[in-house]
C-alpha cells in the first residue's frame with residue numbers, strides 16, 4: 001500500500017506547513033493542494049533564499065514531484081501564472097509537473113472587489129479577510145453559478161456564463177455597495193492570455209491519485225490555513241471559507257478515507273493569528289513585540305503583523321480530536337531561545353463564574369470574550385537551538401518543554417523545526 005500523509009495546520013495558519021511539506025516531499029511522488037486559494041502563504045527557505053508560494057504545493061521545488069491542484073481549491077488564474085513564472089525565473093522546470101482538476105472553481109476580479117467592498121461596509125465588525133476574493137468565489141461555488149477550470153474547454157459557453165456573472169455582480173456594486181463596475185471584456189480578454197497554459201494542465205485528478213495509490217506511490221496532501229480557521233470547526237465567524245481539516249482531503253481531492261495514512265499536525269511553539277477574532281492567550285507589549293521581531297510574524301500573503309500568544313493546549317486537544325492527528329510537527333522552537341519564562345495554557349476560567357474551569361471551547365460565541373487562560377510556567381533555556389538537528393543536543397529545559405506538551409496532548413512530537421532553512425530539522429525516532 002502507498003504511504004500517504006496529510007499535513008494539517010493546528011492553529012490559525014502560518015504554522016510552517018510549507019517547510020514541513022517541503023522536507024517530507026524528499027521521499028514523495030505527489031503533493032496535493034486540496035482546499036483554499038491564493039490567500040494561503042507558504043514560506044520556504046532553501047540555501048538561505050526565501051520563496052513564498054500561494055497556490056502551488058510546497059513540494060514543487062523538488063524536481064521529481066508531481067504537483068496537484070485538486071477540486072477543493074479555488075484558483076485565481078493570474079496569480080497562478082505569476083507563481084509559475086516566479087519559479088521558472090529560478091530555473092525550475094515545472095509546467096509538465098503540474099496538474100489541475102477540471103472542477104476547480106475560478107476566482108475573478110469581481111470576487112476580489114466584492115471581498116473588499118464588504119469589508120469596508122463592516123467597519124468595526126470586519127472579519128479581517130485577506131481580500132483575495134476567496135469567500136465570494138466559494139459562495140459562487142455553493143450557489144452553483146461558479147465557473148470551473150473545465151469550462152475553459154468551451155469558450156462560447158464560458159463567455160456567456162462569465163458575462164452573466166459580471167452582470168450579477170455589477171448590479172450589486174452599483175445598487176448596494178456604490179462602487180465601480182467591472183468590465184466583462186477586460187476580464188475575458190485577460191483570461192484568454194493565460195487560458196492555454198491552464199487548459200494544458202487539466203487532468204482527471206481523482207483517477208490520477210487513485211491510480212497512484214494502487215501503484216504504491218507516496219502522496220502528501222498539503223493543507224492550507226489552519227483548523228482554527230475551518231468553516232465548521234473554527235471560531236466562527238472568524239473563519240476561512242473552506243474546510244481546512246483532514247476530512248476535507250476526501251472531498252477536496254477525490255480519494256477515499258481508507259487511503260489516508262498518518263495525519264501530521266503542524267504547530268508553532270507559541271501561537272499566532274492574522275485578522276480579527278478570539279485569541280485567549282494573546283500577548284501585548286514587550287512580549288508581543290519580541291515574537292513579532294524574532295519570529296518575523298508578518299503575513300506571507302497580506303504583510304499584516306500577526307497577533308501573538310502562548311501555546312494553547314485546550315485548542316490543540318480539540319484540533320487533534322477533529323483531525324485524528326497521529327504526529328506533531330513543532331516549529332519555531334528557536335524563537336523561544338531568549339525568553340526568561342515560557343507559558344502554556346492548560347485550561348480556561350470563565351470570568352464571572354466562580355470555580356468554573358473549562359477544558360474545552362465554550363458553546364456560546366460571546367463567552368470567548370470572558371475566557372481567562374490558566375497557565376503552567378516553564379523556565380526558559382536561554383541557549384541557542386537554531387540549526388540543531390539532534391534531539392539529544394537540545395538544552396535540557398527545551399526538552400522538558402517538549403515532553404510536557406506531549407504529556408498534555410497525548411500525541412508524540414515527531415518533527416521539530418529549529419530554524420527557517422529546510423535542513424534545520426530534528427526527526428525523532
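Glycine is no exception: its Cβ is also placed from the backbone N, Cα and C atoms.
Residues or ranges marked as active site, proton acceptor by Swiss-Prot: 14. As annotated by Swiss-Prot, active site, proton donor applies to 42. Here Swiss-Prot flags 13-19, 41-43, 306, 332-334, 417-419 as GTP binding site. Annotated Mg(2+) binding site per Swiss-Prot: 14, 41, in sequence order, evidence recorded as sequence analysis. The annotation IMP binding site is assigned in Swiss-Prot to 14, 15, 16, 17, 39, 40, 41, 42, 130, 144, 225, 240, 304 on the grounds of sequence analysis. Summarising the annotation, Swiss-Prot assigns substrate binding site to 300, 301, 302, 303, 304, 305, 306 and lists sequence analysis as the type of evidence.
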* To do: For residue 303 (substrate binding site), list the number of other Cβ atoms lying within 10 Å of its Cβ atom.
  => 9
* To do: Based on Cβ atoms within 10 Å, give me the single least packed residue among the binding-site residues 19, 306.
  => 306
* Other CB atoms, at most 10 A from the CB of residue 39 (IMP binding site) -> 28
* Structure fact -> Among the binding-site residues 225, 418, the one whose Cβ has the most other Cβ atoms within 10 Å is 225
* Candidates 16, 19, 333 (binding-site residues) - the one closest to residue 39 (IMP binding site) by CA -> 16
* To do: Going by DSSP, give the three-state secondary structure for residue 305 (substrate binding site).
  => strand
* To do: Give the distance between the Cα atoms of residue 130 (IMP binding site) and residue 303 (substrate binding site), rounded to the nearest whole Å.
  => 10
